[in-house]
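Visitor: Sharing the record's features from TrEMBL:
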REGION    13-75  region 'Disordered'
DOMAIN    219-575  domain 'PDEase'
BINDING   H299, N300, N301, L302, H303, D340, D447, Q498  AMP binding site
ACT_SITE  H299  active site, proton donor
BINDING   H303, H339, D340, D447  Zn(2+) 1 binding site
BINDING   D340  Zn(2+) 2 binding site
REGION    572-596  region 'Disordered'
COMPBIAS  572-584  compositional bias 'Basic and acidic residues'
Amino acid sequence: MYVTYHWGQTTVHPLGRMASPPGGAGATREESPRPQPPPAPRNGTAPKQGALTIVRRSSSKSKPESSPPTDEQLDQLDLDTEHLPAVDTPDACDKAALRLRYLLRQINRGEIPVETLQKNIQYAAKVLEAVYIDETKPAVARQQSAPTLVFRRLADEDDELSEVQPDAVPPEVREWLASTFTRQLATAKRKSDEKPKFRSVAHAIRAGIFVDRIYRRVTSTALMQFPQDVVRVLKTLDEWSFDVFALHDASAGYPVKYLGYELLNRYGMIHKFKVQPPTLENFLSRIEEGYCKFHNPYHNNLHAADVAQTVHYMLCQTGLMNWLSDLEIFATLVAAIVHDFEHTGTTNNFHVMSGSDTALLYNDRAVLENHHISAAFRLLKEEENNILLNLSRDEFREFRTLVIDMVLATDMSFHFQQLKNMRSLLTLAEPTVDKSKAVSLVLHCCDISHPAKRWDLHHRWTMSLLDEFFLQGDKERELGLPFSPLCDRNNTLVAESQIGFIDFIVEPSLGVCADMLECILGPLHSNTKNTTSTSQGAHGQDNPSAEVTKLKIKKPWVTCLMDNKKIWKEQAAKDAEDRAKLEEEPNGAPPQPAAE
C-alpha cells in the first residue's frame, strides 16, 4: 500500500535514499530535526491538518512471506521512536514491519497523529535503505549478520524498472550503473575492490521511484484549493495585459496568495525545492498582509501581483526561462513577489527628508528597497514561513544574493546608470550578460511597466499612483517639507507627466530590455527564419560552423505605449484648453484632472 500524508518531511535522493530535511537553508543534509506540523492556514481552503489520503495497490506476484502480527501484538505496540534498534540490525526490519502494520490499522480507524506517522515512516525508510546496503555484502557475511532477512519487492508491476534483468544489460552499462549510482552507499562493510550486484542497483532505483511517487502524491494532494472564479481569471495569466484587478475581485482581496502560488507551482518550484504547500501558503499570506499594512493606493498587494505576473510573461513568453537555472527562476519569482514588501506609500526621498527611522537604519541609501529585502528574509526565518528550508547552504547563498541584487535594482535612483551600463555592454562585439544584471533589469522594467499595458489598466494604475503621491504631498505640507515631484494635488499636470514618464523612462527601459533579451536568447533559438552567419556560440565561444539566430521577441508593449501616449496627448491638449479658459475667468475654480 501507499500512504500519502499532507505534511511529509522527507527528501528523495537519486537512489531512493531518504533523509530528513535540513534545519534551515544553511544546514547540512545529514541533520534530522524533529518534524513539526505546520499551523493552520490563515486563508483559503487548504486541506485540514492531519488529513490523510490512503491509496492501496494489490499485487498478485508480491505476497508476504511471513504471517501478520496478531491484534494482541499490535495493541501492545508503543510508537515511540526514541529507543528503536539501529536501522542496520536484523531486529529493525521486524520492528519496522510491525509498526507499518500498526500504522495501517490506526489510519483506518483515524486515530494516528501526523507527527507520529512521519517519524515511523522515516524510520521504516531508513531500514529499507540499510537493507539495500546489506544486500551488497558477500553472501557469507549476510548469513552471519542477518540470516533471517527477507527481501520483498517494493515496485509494482508498472514500475519503470520492474522488468529489468541483469543479463539484458551490457557489462559496461552495468559497471557504470554500479559505480555511479552506488558511490554514496559505499561503507566500511564493503571491501574497496568489491562491486555491488546489479540487482541491488535495480532495487535501489525501484525504491527511488517508489518514494518519488509518494512525494508526488503528497505534493499534488496537498496543493491549495483555488476558487472557481480565481481559476477562470488565471486562464489569462500568460497575456501581457493581464487583468490583476479582476483577480483581486475573484480572490476576495488575496491576489498575491493565489497568483504567487500558481506561478511557483507552474514553474515546478514546489516540487524541485521540496516546498511544503502549507508553508508556501503561510508565506504568501504573510507577504500579502505586509503589502496591506499601510493601506497604500498603489504600492499594495495588487501591485505586487501585477509585477509578478509581468515577470512571468518575460520568463515564459520570451523564452528567458530557458536561459536560467531552476534556482534563478525561483529567486526571480520570489523577488518579484516581495520587491515592495511593507512599502510605506512614501518615497525614499520622503524618508530621507523627514529623517524616518528606516532612513536612519539604512543611512539614506535605497531606504525602502533595503527594508523590503530585510523584512522578507526576516519573515523567511520563521519556521512556518520558510519556503527555503530544503535549499543547501550554497543554494541559499545564491538565492539570497540574487534576490538582493534584483530588489535593490528597483530603486529608481539607479535607473539611468543601469540602462547606461546595459547599453554599453550590448554594443560590444561579443557581449556577455551577467545573469544577475539581466534578471535585475527585467524586474525593474516590470516594476514600471503599467504605462505599457492596455489603456483601461494603465489609467487605473495612474489614478492610484497619483492618489498615493497626493497623500505624501499632504504629509509634506503638514511637516513643512517642500513638495516632492507630482505630490502637490493642486499643481500636478497628469497627462503631461505620463507622457514624459513614457518617453523618458518606460519606453527606453523596455527597449533596452528587449535588446538584451534578443542578445542572450538568440543563440537558444536555432529554428527561426532570420539567421546570420557568425562565429559566436551561445556564450561567446568560437564556433566557426555555427549559425546564431537573430531572434526577434514579441513586444506587445510597443503598441500599448503608442496607444496610451496618443490618449494622453489628447488629454493634455484638452487640459491646456481648460487652463486657458480658466485664465480668462479670474474667479474660476482650478481645473481637475479628467478621469476616464
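Using the three backbone atoms N, Cα and C, a Cβ is placed for every residue, glycine included.
Situate these features within the shown structure.
Guide: The number of other Cβ atoms within 10 Å of the Cβ belonging to H299 (AMP binding site), over all protein chains shown, comes to 22.
The Cβ of H339 (Zn(2+) 1 binding site) lies under 8 Å from the Cβ of A304, V307, H372, M406, V407, T410, L443, D447, each of these being in the same chain and 6 or more residues away along the sequence.
Counting every protein chain shown, the Cβ of D340 (AMP binding site) has 25 other Cβ atoms within 10 Å.
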Visitor: Enter the number of other CB atoms within 10 angstroms of the CB of N300 (AMP binding site).
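Guide: 23, counting other Cβ atoms within 10 Å of N300 (AMP binding site).
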Visitor: To what whole number does the mean pLDDT across the domain 'PDEase' (219-575) round?
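Guide: That region's mean pLDDT is 93.
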Visitor: Far apart in sequence but close in space: which same-chain residues, 6 or more away, have a Cβ under 8 Å from Q498 (AMP binding site)?
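Guide: Listed in sequence order, they are P451, T462, N564, W568.
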Visitor: For the binding-site residues listed here (N301, L302, H303, D447), tell me which residue's CB has the most neighbouring CB atoms inside 10 Å.
Guide: N301
